[in-house]
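Worksheet for the structure shown next.
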Amino acid sequence: MSPKDLTIPTGEDGEGSVQVHLDESDKITGAKVFAVYGKGGIGKSTTSSNLSAAFSILGKRVLQIGCDPKHDSTFTLTGSLVPTVIDVLKDVDFHPEELRPEDFVFEGFNGVMCVEAGGPPAGTGCGGYVVGQTVKLLKQHHLLDDTDVVIFDVLGDVVCGGFAAPLQHADQAVVVTANDFDSIYAMNRIIAAVQAKSKNYKVRLAGCVANRSRATDEVDRFCEASDFRRLAHMPDLDAIRRSRLKKKTLFAMDEDPDVLVARAEYLRLAQSLWDGLPPMSPHSLPDREIFELLGFD
């Protein structure tokens, strides 16, 4: 599109980015689909895995899809690093018809089904392609037919077209943040990206999870200013750190008081997401406004 163009052509979404339209046959139907975003290292995989476990405790059939080349999204559910879709495709010279479900889908805690999409080497390819191929494989093998909940755990705070690919499938996006400036700044960018995509996709913002935070005052100030909402608060508990070291979800840990507190919050979050949330119309804040709101005096 030329800089002189004054209108965005039909078929594009957000800031002039080209929208890749999904084939109808590749759409996920019959399940509630959530995409989990947040600043790199904020605890998205911990949040996603414990949320998947919580949904399973509520009796839901859950599939978690890790969308990070590190392929560690599901290791607390499975207890190991499982092969990625991109790796098993390489093994068959990218002939997906030669793959069996057991080659790339692994059962984890309480029956949660786990898939690691993986990704191309750094600086090459597009992560969005890998996500698309993963969903196609799942559809071809009818692995989504009996699923109630699908959770995409998405790489870092990347909001390019590639790693926005899960938004094409998601009903709602959940943002993981912390009670600090950098995390909230990243959340603001993610809100802008999701809102742009929601012009043409069904995805809507569900809200944020304040993770590894003793307090939530900064998160709450931002939410008030942006008409966003906080869905849950996961305190900075050593039990959560230990669960990662033990390769377990909180629901597989011994029942000490901190573990029970965190479990209860995840179960409450899962139930609220399942029941559905009132619609909202959040807006991202200009950079200067965030600095004035949360920056140092």
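Just so it is clear, glycine is given a Cβ too, placed from its N, Cα and C backbone atoms.
Within 10 Å of the Cβ of S45 (ATP binding site) there are 23 other Cβ atoms, across all protein chains. If you look up Swiss-Prot, you'll see G41, I42, G43, K44, S45, T46, K70, N211, R212, P235, D236, L237 marked as ATP binding site, on the strength of sequence analysis.
Among the features that Swiss-Prot reports, Mg(2+) binding site is placed at S45. DSSP gives S45 (ATP binding site) a helix state.
Taken from Swiss-Prot, the feature [4Fe-4S] cluster binding site applies to C126, C160, supported by sequence analysis.
Between the listed binding-site residues, namely G41, G43, R212, the fewest other CB atoms within 10 angstroms of a CB are found at G41.
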